[in-house]
Amino acid sequence: MRRFFAPLLALGLAVAGNARAEDTLSPLHFQSDGPLGSIDKAAAQRGFLVYQTVCAACHSANALHYRDLEALGLTPDQMAGVAAGVKLADGSAATLDSPFKDPAMPASAFGGALPPDLSSIAAQRPGGAQYIYALLTGYATAPDGVTMLPGHFYNKAFPGEQVAMPPVLRDNAVTYADGTAATQSQEAADVAEFLTWAADPNLSTRHQIGLRAVIFFAFLGIVAVISKRRIWREGR
Amino acid sequence: MAETAATEAFGQGTESRRGFLTILTGAASAVAAGAVLWPLVDALNPDAQSESRARMVVNVADIAENTAKTVQWNGLPIYIRKLTAQQIAAAQAVVTDTLPDPADFTARVNAAYQNYVVVVGLNTGITCALEGNDPSDPRGDYDGWLCPCDGSQYDALGRVRSGPATKNLAIPRFTFINAAQIRLG
Amino acid sequence: MTTETKQIPCLGALCACLCAPVHKPEGKYLDTLPGLTAILLAFLTLSGLVLAVYYDPWHAFASVGFIGHEVNNGWLVQAYHATGATALFGLVYLYLFRAMLTRGYRAPGELVWGLGVKLMAVLLLVGWLGFVLTGGAAAYWSLFKASNGALALSGAAGAIGGWFFGGPAGSGTLARLELFHAVLAVGAMAVLWLLFAARRAVVPRAEPGQGVAFFPYYLAQYLVALAVFALIFSVLAFFTPHLGQPAVNALPADPLTLPLGTVLPWYLLPLAGIAQALPGIWGGILGVVGALAVLAALPWLDRSGPAGAKGGLYCVFTWVLAADVIGLGITAAARNYPQASLLLVLFTFWYFFHFLVLTPFVTAIEAK
């Protein structure tokens with residue numbers, strides 16, 4: 001079926017082809033937002049780079065495979081290169097068919113707060129991409145009067161405002177191939193878009209087919225009403 | 001006269017318009033039903049994981065000479081063996097007509113990568129996994145594979161040489177992507 | 001009738017049935033609700049069969065993820081099935097509410113009404129089982145509470161619970177619940193078939209010479225209803241595929257961490273609210289059984305008689321009941337708010353008060 005929808009997706013690729021990211025940070029918005037939103041493939045590719053360089057050190061995403069990156073516009077060679085660069089727990093290199101690497105570290109390595117699997121984090125957390133962005137950019141020094149738990153960091157976006165995850169994103173944590181400036185907020189926004197795709201890889205297709213289905217059934221409804229009225233009027 | 005003609009024409013107009021509407025409604029409904037049900041049919045096609053596994057990529061660069069690597073593919077043990085120069089020369093020297101199942105060197109290896117033999121590692125007599133992948137394994141008299149179940153012997157190209165088996169080892173469908181990788185299927 | 005249809009007896013009978021001008025010519029669009037329910041049940045069965053091909057109760061959450069990510073159009077089949085459940089309860093609730101408003105449950109429609117309530121009861125169980133099969137955090141939480149509650153019972157009830165769940169909630173539990181989900185879905189179709197048979201017996205037929213045939217008149221009407229239904233279904237399936245389901249169900253079940261926000265899907269919430277309002281396990285069970293029982297007993301609680309007037313006051317109270325049921329659902333979803341438990345008791349009280357006190361009195365007064 002992916003083949004079936006390939007022409008639809010090609011349309012998206014052509015739009016995503018522009019090299020440099022437009023400013024989505026002020027005000028913050030995501031191309032995947034809204035009922036007709038679609039995944040911004042360029043942003044999601046950059047987000048994957050952030051995920052792979054930063055997040056994957058502690059988090060797993062076991063619903064994703066390296067071959068799935070084809071949907072973000074990576075060529076088979078690029079995907080194979082990504083997979084070949086990943087060393088699995090048994091020492092062998094990952095293949096296209098491997099799930100994203102699980103760091104497989106015990107909870108004790110994180111003071112008991114095991115980093116969650118990121119496959120569908122955008123679907124689980126209220127706010128989705130907006131929340132992920134707010135969390136990743138929400139670190140601050142704790143205000144007076146807040147007693148911090150040991151090993152926790154003040155984050156105004158996290159429920160309870162104390163999170164065990166350290167602030168990991170900083171300016172130029174990665175270097176983007178498309179020339180986009182890798183500011184901390186750009187990285188956060190890109191990884192949020194990537195995780196939105198991870199949680200709902202069919203978002204763009206779903207919205208495209210949905211729009212067509214609604215238009216078609218509205219047309220069918222109108223034709224059926226006219227047809228029914230005629231049949232009933234002439235029957236009397 | 002003109003009036004009746006006009007009425008008739010008008011009557012035919014409504015008639016054909018109703019017919020058109022009925023056909024349009026019916027056709028659009030049929031299209032809708034087909035489009036709604038098609039995903040249910042398509043969902044039973046091979047899924048992405050099966051398709052990916054059916055077209056498995058194997059790295060052959062890490063195989064040492066005179067040893068073979070085993071990979072599981074479509075439920076079959078696939079043996080990929082890297083030949084030594086002597087084995088290639090010995091295999092080419094065999095007179096194929098004397099073999100139980102005659103097959104010459106070019107029929108058993110890829111022309112561009114002559115030092116790799118890719119076979120299904122199951123005895124062709126009674127089904128049984130063959131021994132001989134590692135140089136220290138028992139390989140029989142022909143420096144190939146030996147069946148531990150019925151004693152059939154194969155040479156390094158997987159041609160049957162003796163024993164109850166009468167057929168050469170099967171060769172799976174595969175292509176060389178480059179010198180380091182082959183794709184099965 | 002052509003020669004072919006005469007030679008094939010079933011087809012001939014079907015044609016005769018479809019073309020017989022016996023239906024009243026003033027059909028309402030909402031009369032298609034049971035027909036739409038039947039079509040939707042068939043659709044849910046088809047999509048459920050496809051899901052069952054890939055679903056693995058021993059690795060439920062992983063296999064649900066696999067269907068969404070790896071199977072061709074698997075995400076769409078899942079959206080069909082989940083939105084189908086939402087739409088099914090929408091149709092059944094609408095059907096029952098309409099029968100209450102039009103008071104179609106009165107003689108000779110008592111049997112049809114009773115079967116409608118039974119259909120809803122079976123579907124509620126099927127819906128809960130389907131929700132539990134997802135293996136998400138909210139699903140596990142619900143299964144955990146239900147199975148532990150059932151096993152804690154003594155006597156026959158505990159034995160039945162033990163038979164149904166086969167011990168405390170574990171991965172093997174879902175294997176049997178998958179079977180119950182499918183078997184009870186077939187049961188729901190049987191109940192719906194009985195409902196159709198009972199309905200055919202009581203629906204008034206047209207006077208000779210006045211009636212219209214199903215084909216083409218009611219077929220055209222069904223097509224309109226189906227197109228509108230498909231339009232609403234598309235909006236739900238493509239733009240809100242997880243409508244009315246807790247977001248935390250996207251987390252895998254973990255017995256050691258139960259996240260906040262583990263609520264049931266929307267269609268179970270009103271009944272869950274009644275179950276929560278009453279104390280203890282037996283309170284919950286009696287609340288659910290009682291709520292369905294008083295609903296089924298409505299034809300006898302209504303004292304206005306078969307030919308009684310449709311009173312305006314009782315109609316208002318029926319709308320109030322609808323608001324009460326919606327209130328129950330909303331409160332059950334927000335059960336962590338401090339006022340929730342008090343509100344649940346109030347809404348539950350009103351539900352039973354409506355059926356057991358208001359209904360007999362108001363209908364009896366209005367019938368005079």
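Start at 1 and count along the chain as shown; that gives each residue its number.
Glycine is no exception: its Cβ is also placed from the backbone N, Cα and C atoms.
What you see is a predicted model, and the numbers here were worked out from it, not measured in a lab.
Taken from TrEMBL as is:
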type: DOMAIN; residues: C:1-209; note: domain 'Cytochrome b/b6 N-terminal region profile'
type: DOMAIN; residues: C:204-368; note: domain 'Cytochrome b/b6 C-terminal region profile'
type: TRANSMEM; residues: C:33-55; note: transmembrane segment
type: TRANSMEM; residues: C:75-96; note: transmembrane segment
type: TRANSMEM; residues: C:117-143; note: transmembrane segment
type: TRANSMEM; residues: C:149-167; note: transmembrane segment
type: TRANSMEM; residues: C:179-198; note: transmembrane segment
type: TRANSMEM; residues: C:218-239; note: transmembrane segment
type: TRANSMEM; residues: C:251-269; note: transmembrane segment
type: TRANSMEM; residues: C:281-301; note: transmembrane segment
type: TRANSMEM; residues: C:313-334; note: transmembrane segment
type: TRANSMEM; residues: C:340-365; note: transmembrane segment
Positions whose Cβ lies under 8 angstroms from the transmembrane segment (C:340-365), at least six residues beyond its ends: 273-274, 276-278, 287, 290-291, 294-295, 297-298, 301-304, 308, 311, 313-314, 317, 320-321, 324-325, 327-328, 331-332, 334
Whether the transmembrane segment (C:117-143) meets the transmembrane segment (C:251-269): three or more C-beta pairs under 8 angstroms: yes
Chain residues outside the transmembrane segment (C:251-269) and at least six past its termini with a C-beta under 8 angstroms from it: 60-62, 85-86, 89, 93, 124, 127-128, 131, 135-142, 144, 243-245, 328-330, 332-333, 335-336
Segment-level pLDDT (mean, integer) for the domain 'Cytochrome b/b6 N-terminal region profile' (C:1-209): 90
